[in-house]
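Enquirer: What TrEMBL records for this protein is below:
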TRANSMEM  46-71  transmembrane segment
TRANSMEM  78-99  transmembrane segment
TRANSMEM  111-134  transmembrane segment
TRANSMEM  146-174  transmembrane segment
TRANSMEM  328-354  transmembrane segment
TRANSMEM  360-382  transmembrane segment
TRANSMEM  394-414  transmembrane segment
TRANSMEM  481-499  transmembrane segment
TRANSMEM  520-544  transmembrane segment
TRANSMEM  550-571  transmembrane segment
Amino acid sequence: MSLRIEGAQCGGVAVEFDNDNDRDSPVIKVRNIPRSALIYLKGPKFLIYVSGALSMWGDRMWHFAISVFLIELYGHNLLLTGIFGLVVAGSVLLLGALIGDWVDRNPRNKVAHGSLFIQNISVTVCSIVLMLVFSYKKRIEEIWDGWLTVVCYMVVIVLANVANLASTALTIAIQRDWIVVITGYNRGHLAGMNATMRRIDQVTNILAPLAVGQVMTLSSNVVGCGFILGWNLVSLIVEFIFLSRVYRIVPSLSIKPPAMEHQSYLEKKRERKRSQGRTSACPAAAISEENTSMHLQKISGTAVCLHRLHGLLSTCREGWRAYYRQPVFLAGLGLAFLYTTVLGFDCITTGYAYTQGISGSLLSILMALSAVAGLLGTVLFTKLRKTCGLVNTGVISSGLHLVCLLLCLCSVFAPGSPLDTSMLNIGNASDVGGMTGGQQRHGYPLRGSNNQPLLPDRSSIHWTNNTVLFENAPAGTGPESYVSIILLFLGVITARVGLWSFDLTVTQLLQETICESERGVVNGVQSSMNYLMDLLHFIMVISAPQPQHFGILVIISILFIFTGHTMYFLYARKVKRKPRTNT
């Protein structure tokens, strides 16, 4: 079946083509412009964009707010935030293959609706618990000698983790599977939808945290929780309606490969093992029915649980094997290596910039510029893919990313850099974060009382997009030179162009290369790999936490990124050696 025919059967592609009769009459074509716009607004692409925007906006608000809430709950201490990050990363790392296998084994509409419901309900219940804790914190601390507070912390972290797992399943289902089917497996339309979804993600990454941050700053934490609660309930209804409509108007979504092809790779594996077990059990068929019934009665509940646990572990193992045997394995692994870096606009890099005298307002501007660079990366991806092909787009994007990161490498040795390798001595390890004075160079600790609020009767925390800054920040101080920090952020911002273009390249390679029956499990393992490498970068920071160590972290990050791109180069070389069947 040709791509044109497949596209015509898919509701998302048919609206892209004009009627031949309309081309003959400019007047008719002009009159049909509003009708075409209406068709597009009712089409699957637009519905997916709106649904994705609502989902991403809610995710960004929640991820930002939960970190701040946990800091507030534990008395401006990062312990709960660290535990939450560890639980989230560990859960996806361990359960990624199981989530992907669940996506493969169930109908698309049930997966999407189930994930959407679990995610939004978990966030809603968690918001209610947080509102109760913030409203009655003193009373709760007096119950059970304070143990009820610990229970509340655990409930919040568990619910937030469940919401993240459901969000991972929804992302795999919609952005890795539905989009491929909606575009009718047309590479050009697939690249366009991927780029548009990434642009939406970049915009929401800036605006959503700012929106919820302003609500929390101008009112209170309770109002902030209520705002997120209301958003999730409304978003749940709208997304459910939109996804249901997309499922109805795109018949291909309800069709999966028939018979044995419909089964996921892991399901086939399990059936093969069962058949082998039956074959080997044939000689034992002469056992009497009495002995068999007695044997079954001896099976305890513990044995059943162990058997199920063994099945889950087997599923995880087979999922990683399925990931490893993919032709695009090296490209996916290379993308995962890019997560082990401090060269991004997360709390690590922004926190380091703050110690170097960069104000919160300037950081917000720099983050906005990085979002613009990310948008340019999506435009570059679509242009390069049309002119150079998908694989070559990844090669060019990799080169651009590495060249821009050379500026970050230069910043380590430029004037104003706080790099001091002597700080790595074990004897100085107790000087965590460079906060205790003596050997500190260019580090500017946060001073002042954390209990003094920014606004009367309001929270003491000032929110920016991805970092938490306290009042009474050092003023009038700065490094000997700003050359180092300028080079660092110039490299980080410009590198976003190549980074997002490369990310979109690998994403589409995974979409095009992985067969439909394995899409879920392979992308689930890919998510696990991403979280694993992200965990490594936090371990790096814990091992070298002071501003004087940041230069070493930059060098290690560049080495990981170089390794990741090298893996992609090996993949591209392997692909180019094979005879081309598609362009």
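Glycine too: its Cβ is placed from the backbone N, Cα and C atoms.
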Enquirer: Six or more residues beyond either end and a Cβ under 8 Å away: which residues meet both conditions relative to the transmembrane segment (360-382)?
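Expert: Beyond its ends, the transmembrane segment (360-382) has Cβ neighbours at 191-192, 195-196, 198-199, 202-203, 205-206, 210, 345, 350, 353-354, 393, 397, 462, 464-467, 469, 473, 489, 492-494, 496-501, 504-505.
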Enquirer: State the non-local partners of the transmembrane segment (394-414) in its own chain: residues 6+ outside its ends, Cβ under 8 Å from one of its Cβ atoms.
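Expert: Residues 331, 343, 377, 380-381, 384, 388, 481, 483-488, 490-492, 494-495, 497-499, 501-502, 505-506, 509, 551, 554-555, 558, 561-562, 565, 568-569, 572.
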Enquirer: Cβ under 8 Å to the transmembrane segment (550-571), counting only same-chain residues 6 or more beyond its ends: which ones?
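Expert: For the transmembrane segment (550-571), the sequence-distant neighbours (Cβ-Cβ under 8 Å, at least 6 residues beyond its ends) are 328-331, 333-338, 340-343, 352, 394-395, 398, 401-402, 405, 408-409, 411-413, 417-419, 421, 424, 488, 502, 506, 533, 536-537, 540-541, 544.
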Enquirer: Apart from its near flanks, which chain residues at least 6 from the ends of the transmembrane segment (520-544) lie with a Cβ under 8 angstroms of it?
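Expert: Hits for the transmembrane segment (520-544): 85-86, 88-90, 92-104, 168, 171-173, 176-177, 264-266, 319-320, 322-323, 326, 332-333, 335-342, 348, 424, 510, 514, 550, 552-553, 556-557, 560.
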Enquirer: What parts of the chain pack near the transmembrane segment (481-499), using Cβ distances under 8 Å and only residues at least 6 beyond its ends?
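Expert: Result: 338, 343-345, 349, 353, 356-358, 366, 369-370, 373-374, 376-377, 380, 397-412, 414-418, 554.
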